[in-house]
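Copied over from TrEMBL:
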DOMAIN    223-485  domain 'ComEC/Rec2-related protein'
TRANSMEM  5-22  transmembrane segment
TRANSMEM  28-45  transmembrane segment
TRANSMEM  50-69  transmembrane segment
TRANSMEM  246-268  transmembrane segment
TRANSMEM  275-298  transmembrane segment
TRANSMEM  342-359  transmembrane segment
TRANSMEM  371-390  transmembrane segment
TRANSMEM  397-415  transmembrane segment
TRANSMEM  421-447  transmembrane segment
TRANSMEM  467-485  transmembrane segment
């Protein structure tokens, strides 16, 4: 069977969509019975095995989605004024002005009559964080009192930010004042997560010191893939121009990091094996810095599969590897399908893999040095147009032009900015001088985004797009692909 994971991942996706859109739910007994029937059918009708396996995976996707959605927070069962919470800091977020966000694991409830052990993820909003005597870091243990339950995610029909948080495993949003932190036990042991956090903080501080505010925010968003650094006006400019993907961690960032590592290590005259292994380690550390988002896991894992194929001397199938990663990520967490980064990452990559050669053939009249860039941009746009409309309610008419002018600047931008950070560890003054180049590139990106977004034909508002509209679009898109593929293979 060629590219089996294409069938497997599509089957799991169908099961999840049936559970979400139609509220179709299969209980445990019926699920077990149907799975037994499918296994027996696969054994006795081996010529139809793929059909039965796919149907089984539809059931698995549906069952896992419903099982995942049924788990809810236990916190609402307790009166908060009579208890305290012991939490472990997992990730420090961005200062939102009124509060600083933290990702925490709730370890236990401390009540007047004892202590109850739990294990639950929550998003914590800490008000007046500047009043803390010490800064909180990953793995610090904190005891909280007078906690407010802002929101829980125990209902079906979640959308937008709620569904995003639920998909990342959070069961609630909590809020507490800094004065209500009763105890802070600092984590003193060094590990990869703690080191990556300190590295990120150093980079953020250096950019704030060496660049104007708007450019520092842009660079941090580009490097760390977090749009929270940007104000709404700037974020809207990127959205209208169709370049929002450069400020969301994606395979584009991994591709740029891989190219930088390969060119730099090749310049140092290292062998290919060492280059591949060092690049893998670099990608893992970068993934830790940005918080292991699903898009980075996808892109880094595909690179690791490519490296594995090189070492074991096996042919690397990019499409099958991509679909295998989608399959595994959805089995691990079916709500990953509702992540914007998951959707954009997989849709763009698959669209590029499928349509790049056909689009490039149509661009033979274009100068050769522009053909590949334009083909990649157009192919990615084909796969992501409905997703961008669905989530941002805008159809950009200038996205193609904007990406042609902006995407090529990302590699020199990341190269100069990372070089300045590295040099600043030995000479802060020299690092600041190098960042003048970074300043020029960022000024160019902002100028281009601003000019293009202000055009009267930049974009139009599109509302009311539904999942079945998107499925219809992709059905037509893949039908076009199969027609093109069939004609080319004749």
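Glycine is no exception: its Cβ is also placed from the backbone N, Cα and C atoms.
Automatic prediction, not curation, is the source of TrEMBL annotations.
Note that the coordinates shown come from a computational prediction; the quantities given were computed from them, not determined experimentally.
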Same-chain residue ranges lying at least 6 outside the transmembrane segment (28-45) that approach it to Cβ under 8 Å: 52-53, 55-56, 59-60, 63
Beyond the flanks of the transmembrane segment (421-447) by at least 6 residues, Cβ under 8 Å: 202-203, 206, 209-212, 214-215, 218-219, 234, 406, 409, 412-413
Contact yes or no, the transmembrane segment (246-268) and the transmembrane segment (275-298), 3+ Cβ pairs under 8 Å, gap 6+: yes
Non-local residues, at least 6 beyond the ends, that sit with Cβ under 8 Å of the transmembrane segment (467-485): 17, 21, 351, 354-355, 358, 382-383, 385-387, 390
Local confidence of the prediction over the domain 'ComEC/Rec2-related protein' (223-485), expressed as mean pLDDT: 86
